[in-house]
Structure formats: C-alpha cells, structure tokens
Amino acid sequence: MSNIGKRGSSVRQRPAEYVQNFEVLRNKCLEDKILFRDPEFQTYDLTEYYDLQKNRFEWRRPKEISKNPEFFVEGVSRFDVKQGILGDCWLLASIANLTLNNKLFYKVVPYEQGFYIKYAGIFHFRFWQYGRWVDVVIDDRLPTYDGKLLFLHSANENEFWSALLEKAYAKIHGSYEALNGGFTMVAMGDFTGGVSEIYELNDVPPDLFTIMLNSIQRQSLMSGSIITSKMFDSKKSGLFNNHAYSITKLSCFSMKNTTRIIRLIRLRNPWGKCEWNGPWSDKSNEWLSMPQKIKESLGLVIDDDGEFWMSFDDFIKYFSILEICNLAPDDDLATEQYGTDSKRKWDLSMFEGEWVRGATAGGCDVFQESFSSNPQYNITLEDPDDNDNKNMCTVLISLMKKNVHRSMDSLSIRFFLFDLNKSKSVPKPLDTNFFHNNTALYKFHSFKFRQREICKRLKVPPGKYCIVPCTSNQNEQGEFLLRVFSEKKNNLEEFDNEVGMCPIDDKIEKLTLKTKKSEDLNEKLNKYFFKVAGKDKEVDWMDLKHILNFAMKQEPGNIRFSNDVCRCLIAMMDWDKSGKLGFKEFQRLWLYITQWKVVFKTYDNKNKGYIKGFELRPALNLVGYFIKTRTINTMCHRYSNKKGYIEFDDFIMCAIKLKTTIDIFKERDTDNKNVVSFTLEEWVEKSFYS
C-alpha cells in the first residue's frame, strides 16, 4: 500500500545540520548588494523526475515570474493553496488548515518579509521539529515551467507565500521529491507541535463525531484521506483515491419539526477544484429545503472551489482515515483562545529517549527476556475529567520517532500501558517477572503504514500506570519523543532506579570465597608481583598488565587486559596519584577484579568472552551498582560492539568507570546531599586521571 499522493512513495525526513540565521544572512546580502543563494538547498534539474522538456524548465525568483509579486495578497485564505504536479496533497491539506488560524499561521509564516522593503532574495519559516521550533531559511528561486510555478501556487498569480512555504518544507525533507506521498498528521505536527491521532474509518468509535466536535473547540487541525485498493468511481462521487482533504468545519443541527439530527463535515480538495457529488454537495437537493439563515451560518458557497459539505455518515463510508492534530497546551493560540486555566486546554508532559542496540532496544513483548530492558515511564493521573459520569481520565499517549531518516523510515514502533494500581509494590524499573505475570492494559502499534508518530486516546481510572515504548523487533535503534496529553494534570517521570551503590550480592560473595584453587593462584600472583615490581615494591600500569595477563592464563576464553584498562585500574586505586600501586593496593584491586570476573562468568557461562548488552545492568547490580537507563545507553554506545555484545575487557572498564566516578563524587559529598561542586581545574584533573 502506498502513502497518500504518489503510488509507492514515502516521506524521507532529514533534519537540518544547523540553523542558519535569517537576520544575519539578509543583512549581509543587503550590505553586499546581492540576492541570497542558499548553499544548503541548491537548485537542481527536476525535469528527469517529471518528464519535462529541459528548455521549458527554469528556476526563477518571484520578480522574474510576476511584475508585481507580493508575499500576501489581501490576507491569507485556504484558497491560496492550489496543488501543482507534485504529489504532496497531504502537505497542502495541512497548509489549508493552517490558514484557518491566524495565530498559528503567522508563527509558521513570519509576516515581516516581502519583495520590496529589505528584499534580498531570502525568506524564512518556522517548523516544529521533535520537541523544538526551528527557523528554516531559503532563497526564493522557485521551479517553473513555461514561466509558471510548477508546484504549489496561489489562486492569485502574484502571491508567493504558499510556494515559498512548500520550498522551506521541502528543504527540511531534503528535496521536493521527498514530499511525494505522506500523512497530513506529519505536516500538521510540524506546523503546530501538536499530538496527532489517526482513526481507521472502517472501525470507528461510537463517539467519533463528538471527539471531532471537541477537537474543533480546541482549535485542532483535521483531515480525511481516501486510501483503498478497491475500484473507486471518482467520476460518480467526485472524490479521488490516494488523496487527502482538509476538514475545515463541522456542524450539527436538527431540522425544524423533526427529531432528526443532521451531522455535516466541510472538506476541501487541495486541487482547488473537483468536489463531492453526493448528498449535501453544493447543488444537491438537501440544501433546497434548508432555511437561508442556516445556509448563511454555515458559510455555504456554491462554487467549483474544491470545498464542499457532506454528511458524517457518507464521510465514514467513502473515506479511509481521519487524522486529528491536537494543539499543545503551551501553544499561543490555545492560550489566547482558552486562557491559562481553561478546562479545554490539554495538560502536557514530555520525555525524549532512545532505543540502543543491546541496551534498551528490547523489542516488543514477544521478546520476553529483553522486553523489560526498554525505557519505562510512570504516569500518575490524580483527578478524573470534569463531567465524566464514570470518573475516568482522558489520556492521549503519543510516541514519535525522532530525527527520521532513511534507516528509520521502516522502523515499526509500539507502546504498552501497564496498570500499577493492582500491586502494592513493584520493582523499579519493572523486571522480567513483572511482565511475565501481568498483561498490558493497552498495547498500540503502527497503523498499516509505519508512520512517524503513533497516538492512542484512552479512558482510564485515576491512578498510576507504566508506559513502555518499544520497537517491534529486538535491537532496532532509534530516538523517540514520548508525549502525554490529559484533560487534568498528569505527572510523567522516568520509571527508573536512582544511581547508587549497595552491598555485593550474596551469591557473588560466596563465589569469591577462598578455595584451594584460588589460594594457589593468589600465592602465585603474590610471588609474581614482587618479581615484576621494582626496588620500591610498586608496579605501574605496564607491570600490572603483565601480572593480570599472567593470572588470566589460568582462565578459559583467552582473556587479556588492554593497556587502557590497566591504566584505569591503576588510577582507580592510586589515591596518592603516584601512578603506581603497592602490594596492599594490588591485593584490594585483585579482590575487585575477582568479583567482576565472577559476575561476568555468571552470564558468560559458555566462555564466549562476552555478555549481551541487555545483561549489563543486572550484572552491574550484582557487584553493587545501580544505574539509570540513560547511563546504560551511554555505556553501550561506548563499550558494546555492533552486535550489542560487551567483551570482558569492556565490562571491566564499565565497572572501573562506575566505581571511580562514584568514589570521586562521594569523596566531595561529605554531607551526603547528593550535590557537589568542582572548579573547572579540579574537574579536569579528576576526570582525566580516572
């Protein structure tokens, strides 16, 4: 199944490497008396993509297209959006929706630019990208054919804001061709920073029209799309397959002297023509019996402008999906419309995270042994919605892939919601035993297409819940943005343990007790120590390497210690910073190494020389270290191999770094306040020799 717009196409998103400064660039161009040429998004030959004649294709600036170009002509309207030959109806439907809200529109399209005052061939637009707003700079060279705009254009031939906006959006995606096919929810999210939800219209919730009405009240953006593999009679219906339409208005009223409720939806075709031909279309019989006042209140216009009304039932019948973009509560429009304490505004919580191969990319619940390794988030809902007879809380959970590029386009994402109210106490984070014994309250995965964002609207009782975002398969890497919208306040936090130390596991203590074999090895090591040590009876890192590799000869698996590990082992025990260890320091060091070796062998029981990244956290727990998920990610980025495995040498380094870092902190934290202060010089010294 192809995305909307062009068969077989998909959106490729490439985040900008850095943000160009519009004011600086414009002033430089004005000073040098030149027109801006964007080095980050240069002109290129489009004729090969669209079977065009090269001698008729040209990149032109608006002043080369029109004698009197304007950025805006008589304000902004959804009728300024007309599709060209590019299959980006999904984007145009979103732009048309954007024009309905001036506050939102001018946040994306700054109005203080044009073709006369301070004109330098440079324009800028703002888009929301994965949790933050970015400013995107472009030059105003646009693709034309026979002197006319090739892609998005306005009904007014001298108006250019829409064509330039399309170019800026193409820039953050890498090319115009990348806009061929997509979901309106992607563009609506980029224009608002809102959370988008998608409904398959072959299985709609009974209160869908109410959800849509409430969404309109919250100034949400909506669109409908037709995606079907069945024969579709466009001539008869006036609708088109693989096409997206803006939803610009809803209405619900009863006819005079009847109990019948009329539910209508107004939609707009981004082509600016071709409309629905069925009931409630422009010239249908249904409007003939409608009072003039109702027609005026609905803004009914009989014209082939691409905009039309249809019944909600016909919308469900003919359309495939509905996409709703809910505005973030900190959005200027939402604040202006409802105020800071409005009951109609959402409450938003947000976290950024990542799935790391071998560490936190545990896959879905099919992978039972690694599922608990996924990031976990605790959400607390204290109060039910107002006027909810069942005392339930409305929650929208959104999971978005961050920094989407070609390697992540195919990444299938999911999230699970677990109820924590039934258990008096649960481990933190939730472990494998918990997931073996508890079924998810809800589980949600990608739509038929692997879209950038998945979102689910839920009704749950007040209480505590755990959200587990994951990929469908194990060891699939990626970054994500988790957002939770609720009608009442919610508290979202990482469900993770605190960084710290605890006694070594009893099992490890027992395994490191003296045995005849260990005593023999210790005696050999003691003799070897004094053999290697100099006259001062101390060893440096090179001497230590000889001693440890001598000890490892007795072990299976051909284990060896690297230069870097030996240097760090010296630094870990070298309190006087001499660069050497005495005999007693070496004995204490050997005890640590023995404990770490026993833990490693607990997981590497087949002597392969490595453990899985998913085993790093429980392994470190056994030797007395508790660390957070983000630290595990950092360790695996640094020390695991391409398969997500951690070799013995690297496991020892993880343990060394943990012990050394915590020791440095504890040495300074004499009051146990969990906060310390270092000068830059002190920190450089401490961190360098560790």
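Backbone N, Cα and C atoms are what each Cβ position is placed from, and that goes for glycine too.
What TrEMBL says about this one:
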- 35-328: domain 'Calpain catalytic' (DOMAIN)
- CYS89: active site (ACT_SITE)
- HIS243: active site (ACT_SITE)
- ASN269: active site (ACT_SITE)
- 561-596: domain 'EF-hand' (DOMAIN)
Checklist outcome for this item: Counted with DSSP (H/G/I as helix, E/B as strand, rest coil), the domain 'EF-hand' (561-596) has 25 helix, 1 strand, 10 coil
Checklist entry - Around HIS243 (active site), how many other CB atoms lie within 10 A of its CB? => result 24
Checklist entry - DSSP on CYS89 (active site), three-state: which is it? => result helix
Checklist outcome for this item: Beyond a gap of at least 6 residues from its ends, the CB atoms lying under 8 Å from the domain 'EF-hand' (561-596) belong to 504, 508, 512, 518, 522, 525-526, 529-530, 533, 536-542, 544-545, 547-549, 551-552, 623, 649, 651-653, 655-657, 659-660, 663, 689-690
Item to check | DSSP-derived class (H/G/I helix, E/B strand, else coil) of HIS243 (active site) | outcome: strand
Checklist entry - What is the Cβ neighbour count of CYS89 (active site) at a 10 Å cut-off, with all protein chains included? => result 27
Item to check | Mean of the pLDDT scores, which run from 0 to 100, over the domain 'EF-hand' (561-596) | outcome: 89
Next on the checklist: Going by DSSP, is ASN269 (active site) sitting in a helix, a strand, or coil?
Outcome noted: coil
